[in-house]
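Asker: In case it helps, TrEMBL gives these features for our protein:
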DOMAIN    143-369  domain 'ABC transmembrane type-2'
TRANSMEM  35-54  transmembrane segment
TRANSMEM  181-200  transmembrane segment
TRANSMEM  221-245  transmembrane segment
TRANSMEM  251-277  transmembrane segment
TRANSMEM  289-308  transmembrane segment
TRANSMEM  345-366  transmembrane segment
């Protein structure tokens with residue numbers, strides 16, 4: 001074969017692959033059920049989550065148990081209300097029950113003898129936390145008000161800011177981003193694995209054999225269907241970012257390069273994993289079931305549903321096998337530690353490597369059907 005003939009052959013192959021990818025993408029977008037999984041369901045969950053994190057003008061709530069009858073209890077409660085805080089007085093037994101039931105995160109106990117401790121210059125208070133609850137901004141408010149009782153300086157309204165090193169988003173904003181992003185990566189895995197069943201469906205419907213008779217090779221069919229996954233993933237990512245940004249998610253706080261890495265690297269991993277699942281299943285029904293299973297397990301293992309700090313150390317190490325773990329790691333490096341840089345690349349490189357290895361395994365698995 002001459003060089004010109006080889007170039008023409010490669011050009012024809014690329015055109016057929018592009019045509020197959022375009023046809024597959026168009027068919028996918030024309031099916032209402034596919035649009036439901038690709039766009040409607042992720043956007044619904046993203047919108048719901050964004051609304052839960054919407055900023056509120058209401059002061060934080062604090063349950064209080066008062067056991068001291070001294071003269072300093074009133075000034076303490078007035079000072080806390082002025083910071084501002086919404087105080088709710090409870091009996092000891094009720095407060096304990098609400099903590100164990102998960103209905104309260106923290107309870108302030110004003111013990112007997114508190115007023116005497118203020119007069120001695122060492123105010124003594126107790127904070128009770130629910131299981132697995134972590135200290136929050138209430139500590140700073142309570143300490144400031146209690147110190148003001150000793151020094152005679154009223155606290156008044158307090159502006160508390162929680163900062164991380166070189167952060168690109170506020171702490172509350174990052175909590176919103178982390179939650180929305182974790183659910184997005186899970187839905188990307190589920191939906192792209194489901195869409196990877198297109199080749200199986202063509203085989204079941206008999207359209208695959210007609211395409212092969214028409215001149216396309218099996219390798220071109222596999223390449224076209226694999227290529228179609230990426231634009232579908234990009235469409236889903238763009239819709240997620242756009243809708244949740246309207247809901248207040250600061251996706252561009254760390255800069256466009258950081259956002260691109262955060263979106264593209266997990267997409268490469270999801271496409272590769274989708275091909276791997278397609279390569280080792282035989283029917284579209286099997287791949288649909290596998291999609292829900294793989295996506296949910298990866299999300300649970302990787303920390304999309306809850307912070308990994310609350311799980312045993314052994315599971316924290318196992319979490320590194322999940323693409324969701326590395327996706328959230330890249331998000332944290334971008335938005336907590338100040339934008340794209342060397343710290344963000346290991347997570348992105350790991351996700352790309354996962355995608356390449358899984359995609360290669362999937363293509364090898366799909367080649368079994370060539371015969």
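Going from the start of the chain as shown, residues are counted 1 onward.
Each Cβ is built from the backbone N, Cα and C atoms, and glycine gets one as well.
In terms of burial and nearby residues, how do these features look in this structure?
Answerer: Within the same chain, residues 24, 27-28, 34, 37-38, 41-42, 45-46, 49, 208, 221-222, 225, 228-229, 232-233, 236-237, 240, 262, 266-267, 270-271, 273-275, 277-278, 281-284, 287-288, 290-292, 294-296, 298-299, 302-305, 323-324, 327-328, 331, 362, 366 sit at least 6 positions outside the transmembrane segment (181-200) and bring their C-beta atoms closer than 8 Å to a C-beta of that stretch.
Among residues of the same chain six or more beyond the transmembrane segment (289-308), those with a C-beta under 8 A of the stretch's C-beta atoms are 182-183, 185-187, 189-191, 193-194, 273-274, 277, 281, 315-316, 318-319, 321-328.
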Asker: Looking only at residues six or more beyond either end of the transmembrane segment (345-366), which have a C-beta under 8 A from one in the stretch?
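Answerer: For the transmembrane segment (345-366), the nonlocal Cβ contacts are 196, 199, 222, 226, 261, 264-266, 268-280, 323, 326-327, 329-330, 333.
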Asker: Looking only at residues six or more beyond either end of the transmembrane segment (251-277), which have a C-beta under 8 A from one in the stretch?
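Answerer: Residues 168-169, 173, 177, 181, 185, 188-189, 192-193, 195-196, 226, 229-230, 233-234, 237, 241, 244-245, 287, 290-291, 294, 323, 326-327, 330-331, 334-335, 338-340, 344-345, 347-349, 351-352, 354-363, 365-366.
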